[in-house]
């Protein structure tokens, strides 16, 4: 088990040093729009998001020659990153934690189509936070080469919220309370039994 | 004029009645790990397993934090505060537990506490935000007071030559829970997830695992355990065999014994440091060396799992040096091991590569945990009348150390985590130096010789007044004085071996 852990550690180190793509090196060549309105609150597991992406035609033709797949993610807005270091924005894309939830994963990139659309329900493990949407274009190795996002470079406009599922169920609440009550009752039972035993030994 | 008790063994049949060899107090003089014979070894296994369960419950949240912090929308400060709350609850609970053991016996005291804190574990499932999360972690942390009942119980059932070992193994294997939970909870979570739950529900269901475990342990202790070799407190009180002491007297003799306070301080810098590390080490490796959360969890677990041998090793080392050098040897061993722990802590804060850091962390864990074992090789001898409260004070000191250390070094952004670890090492060395001030009149201290003409009886019987002695309340202390004679070292002890045939 120690050896396995050591190998995992080694491979993580290797991965970190091999892929050094940074966000600042990416070109913003994609235009991304999404269905959520600014300040709209979506419910996880219920509401749907429709994302549309296309190549920005102001860029010279051929800029997308290396784009093979597209991945679209939900990304945390700065207000949801505050005081939460595990969502920090870092330039090195391998270490960047801004976008942790995938909406579309590795969909083939079709350059001729100008209106790529995808609709999906917000997954049930998305936490309550403020988000924007970003699309990454990837090359054949899977490395990011370009991006587009629904907000501006300061990540200040066009943000929407998602309300997570609570994870609590009535059955869980009842089970917790029943087991807790059972514990306390057992304790009283113990004291009662103990008193009875000691009375018995006194009368012997 | 005494009742003939129905449950005590007469001295002549002492050997026949117990599976292990015993001394005049019927405490076992041997420690047989693979036996479950009642009452000694059975109590040992019951107490370390239930203490293990309490550790699993108290540190059940940290490995699942990546899920919990998203579900409850926690900030870094709220997580830090909950971590501090988890270890601060036990500060007063440990002292209270010490008194409860002195008055009601470790069996009832630990079963009661384990059952009282199980609701906090169950209710972790219904936590809905940062404040409810902090509250359940706070009350769950009270269960760490079962440490005191464990040490008290071992000190009541095992004789001086093996008490350090018994305390060390029981304490160490209980502390294992802090490491095991980093593996148990994620495993439970994954299994529940596979059965079709959402992430935000699965972590809630997972908390029933430690809750049920705790409840089962309480039942085991109540029905299978026994306070003393001769019976349970309630029966012995009624039969007149054991005098029911007054809380005010027990408390007075505990707080006026300066050695208890010194050990409380130094325990804060071995056990307290261990608790602080349990809370921060996974994040440290995750953030500084960019390993995955899974790997960080394995590294964090290995810190706690070293307790399997390091704390018992400390207890055994205490007993081994005591055979030759008595109490003075125990004190020297404690000071040196804990100071070395501090030195390795400073080194841990300084190293910058992953492999070396893990290696130094493992060495550091061995020394710091062995120091915990060594501390409880000394504690049983500080007081006989107030053993419970002294154990409780020392244990509470451990938690105070954890709170202070986390508040000064690991909260907010004043120090980077590595600087905090280095400074913590400096504080360990500084606070450990007060061990040099401990002096037992009958045995001496690190730099002091035993005071002339003072015997073990003088020290332990000084806790009883003449009136109490006339009523015969001090008998247990008298027996203990005899049995602890070899703490004077080889030149004194061997010829006066424990007497089982008087």
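For all residues, glycine too, the Cβ spot is worked out from N, Cα and C.
As the structure is a computational prediction, the values presented were derived from the model and not from experiment.
As annotated by TrEMBL, transmembrane segment applies to B:48-67 (among others). Within the chain, the transmembrane segment (B:48-67) has long-range Cβ neighbours (under 8 A, six or more residues past its boundaries) at 79, 82-83, 86-87, 110, 114, 117, 121, 124, 133, 137, 140-141, 143-144, 146-147, 150, 169-171, 173-178, 180-186, 189, 199-200, 202-203, 206-207, 210-211, 213-214, 217-218, 220-221, 278-279, 282, 293, 297, 300, 304.
Summarising the annotation, TrEMBL assigns transmembrane segment to B:103-122 (among others).
Per TrEMBL, the feature transmembrane segment maps to B:134-153 (among others).
Under the heading transmembrane segment, TrEMBL lists B:173-193 (among others).
Residues annotated as transmembrane segment in TrEMBL: B:205-224 (among others).
Sequence-distant neighbours of the transmembrane segment (B:291-310) (same chain, 6+ residues past either end, Cβ-Cβ under 8 Å): 59, 62-63, 66, 172-173, 175-180, 182-183, 186, 277-278, 281-283, 285, 354, 358, 361-362, 365-367, 369-370, 373. Summarising the annotation, TrEMBL assigns transmembrane segment to B:291-310 (among others).
What TrEMBL lists as transmembrane segment is B:331-352 (among others). Within its own chain, the transmembrane segment (B:331-352) is flanked in space by residues 266, 269-270, 273, 314, 317-318, 321, 325, 360-361, 363-364, 367-368, 370-371, 374-375, 377-378, 418-429, 432-433, 435-436, 438, 445-446, which lie at least six positions past its ends and keep a Cβ under 8 Å from the stretch.
Residues or ranges marked as transmembrane segment by TrEMBL: B:358-382 (among others).
Per TrEMBL, the feature transmembrane segment maps to B:389-409 (among others).
Here TrEMBL flags B:421-440 (among others) as transmembrane segment.
According to TrEMBL, the region 'Disordered' annotation covers B:473-502.
If you look at the transmembrane segment (B:173-193), the same-chain residues 6 or more away from its ends with a CB under 8 A from one of its CBs are 47-48, 51-60, 62-64, 67, 146-147, 150, 199, 202-203, 205-206, 209-210, 274-275, 278, 282, 294, 297-298, 300-308, 311-312, 369, 372. Distant neighbours of the transmembrane segment (B:205-224): 38, 42, 46-47, 49-50, 53-54, 56-57, 60, 64, 107-108, 110-112, 114-115, 117-118, 121-122, 124-125, 143, 181, 184-185, 188-189, 192, 197; these residues of the same chain sit at least 6 beyond its ends, with a Cβ under 8 Å from one of its Cβ atoms. The transmembrane segment (B:103-122) shares more Cβ pairs under 8 Å with B:134-153 than with any other stretch in the list B:134-153, B:389-409, B:421-440.
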